[in-house]
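The structure under discussion appears below in the form of structure tokens.
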Amino acid sequence: MTDMNKWRHIFKLDPAKPISDEDLMKICTSDTDAIMIGGTDDITEENVAHLMHKVKCYSLPIVLEISNLESVVPGFDLYFIPTVLNSRDVKYHNGLLLEALKSYGTLIDFNEVVFEGYVVLNPDCKVAKLTQADTMIDDEDIEAYAQMINDMYQLPVMYIEYSGVYGETNLVKAAADMLTETQLFYGGGISNYEEAEMMASIADTIIVGNIIYEDINKALKTVKVKETH
């Protein structure tokens, strides 16, 4: 099984967004720990498979973060299933997992499945609107979510998602301080090395996504956080 406990940096690629072969090569040979493929809109079996096959030319772990069952294809090292704990809609807590088990329960290799405890904190992002997430969260709330994930559900990953904006470091640190076993992922708004360095000093693993499509050189510089963390 792929060991993700040592991952400090992940590049997240959206299969619905175009990326040149040259930029993809730079991303995949950058010394990042893994490539995550995932997104919210227009995620299909075809574009997921197309991007996966391109990434698999390089020797690094590749993960699919599942947003719908129709886009799930074989060949990934790990499959991440989000449960959005601050969603007001129960289907985003366990609905995706329920449908996966109903459709593929006897075929799933559970050694390849990672259940992520998601907390979405940017009210304006697509995933917050889609999941009807309650983003009005203070330190006490995030600490309680962290305890829920670490101590009660005992999930391997807590993912704090700001999706497009840079997050509040005090909230990320409040969560980090409560986690003893669960790995803390942070994603959202990292657009330069300094922001990456700050979040890497708090979270176990940082996820860098949008900046790949805006400024590839700034994206590549974020990998340097591995030298100090």
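Just so you know, glycine gets a Cβ as well, placed from its N, Cα and C.
The sn-glycerol 1-phosphate site recorded in Swiss-Prot comprises Lys12, Tyr159, Ile160, Glu161, Tyr162, Ser163, Gly164, Gly209, Asn210 together with one of Gly105, Gly189, namely Gly189. Within 8 Å of the centroid of the Cβ atoms of Lys12, Tyr159, Ile160, Glu161, Tyr162, Ser163, Gly164, Gly189, Gly209, Asn210, where the record puts sn-glycerol 1-phosphate, the same chain has further Cβ atoms from Asn122, Cys125, Tyr186, Gly187, Gly188, Ile190, Ile207. The sn-glycerol 1-phosphate site in the record is lined by Lys12, Tyr159, Ile160, Glu161, Tyr162, Ser163, Gly164, Gly189, Gly209, Asn210, and its two most distant CA atoms lie 17 Å apart. Distance noted between the C-alpha atoms of Tyr162 (sn-glycerol 1-phosphate binding site) and Thr40 (Mg(2+) binding site) is 14 Å. The shortest Cα-Cα distance between Asp14 (Mg(2+) binding site) and any of the binding-site residues Ile160, Gly164, Gly209 is the one to Gly209.
Packing around Thr40 (Mg(2+) binding site) is summarised by its Cβ count: 16 other Cβ atoms lie within 10 angstroms of its Cβ, all protein chains included.
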